[in-house]
């Protein structure tokens, strides 16, 4: 589903965004990376004092399995991200820029999601409530959205539909809300091993960044280029801060990211896909998450019994993980490829994520000019 470019009534002459001038933003991202790296150990001490910790279930029966691992360190990443993203405004928007409205609305939704994610970590919110939280967080973005609600009909379907462009009206905003719900929860449930939550975010964020750069380079439309530059302004700090967190969350993990991070990362990627008008591409980037959701659906819907932790079984003698019958992509990989160490399994899943992102670029290339 691809929306047409923004209304011509929007004045883009007052906006600063210059896709070719990225040096200040890049410097800020590097600073954000090093600040995140230095803040995580400090924040870890504070959360341990408040008894916000967990034990690594995939190391149960070993000495590492009895170590208290600080939880909810995604709050550090979220705070640094917001500071960097807010400072971006100085370099990319003027005070009367119409883009500033949606940019701040996007930041409000992300900030709201960070807050709700941290509340979930502290209060352990039930699953049925978790599904609603992203809908609440997406409200600022939905209310401020000033773009078109039309979609371009794929060329092969035009003779049958009789239209090249179709206006969905309020249904398009409903779709935006559902996209936010899916992205946040799909990152949250495709988890359970060290480095997976942050690793998949880093891979998808890299793919999003590459896609935006490619679209800016291939287009001569200033408005189209600004939409993708807008997306870059949000995905750059996400990538920088996530890389910093990954250095602590990679196997063997010294911190847990918590729902704070998974909700924050999912909402940020949903926002850039919505406002950059490439939600179709984003969904192909999310193919592993879609597959994991489909595998999880019988348990999430209550058709099949769903344990609290749908994790593989760990053998402390061999140090290997064995897949269970729970419907997750993690367990499916173990059932198909045999027992693996936690680190090897995470690498395989991230390679699969990268392959799906590469498939998306290939699909866009072969369908260019034929599909739309």
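Quick reminder: no glycine exception, Cβ is built from N, Cα and C everywhere.
Fair warning: this is a prediction, and the values are worked out from it, not measured in the lab.
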_Between 322-344, 345-367, I'd like to know which one TrEMBL lists as transmembrane segment._
345-367
*Based on Cβ pairs under 8 Å, which of the stretches 174-191, 198-218, 230-248, 260-278, 284-304 lies most in contact with the transmembrane segment (30-48)?*
230-248
*Do any residues of this chain, six or more beyond the ends of the transmembrane segment (69-91), have a C-beta under 8 angstroms from a C-beta of it, and if so which?*
16, 24-25, 28-29, 31-32, 35-36, 39-40, 43-45, 47-48, 52-56, 100, 103, 107, 110-111, 114, 117-118, 121-122, 233-234, 237-238, 240-242, 244-245, 248-249, 253-262, 264-265, 268
*Range from 103-119, 131-154, 174-191, 230-248, 345-367 with most C-beta pairs under 8 A to the transmembrane segment (284-304)*: 174-191
_Distal contacts, the transmembrane segment (230-248) - CB-CB under 8 A, six or more residues away_ = 17, 19, 22, 25-26, 28-30, 32-34, 36-37, 40, 73-74, 76-77, 80-81, 84-85, 88, 92, 99, 102-103, 106, 195, 198-199, 201-202, 205-206, 208-209, 212-213, 254-255, 257, 261, 265, 268-269, 271-273, 275-276, 278
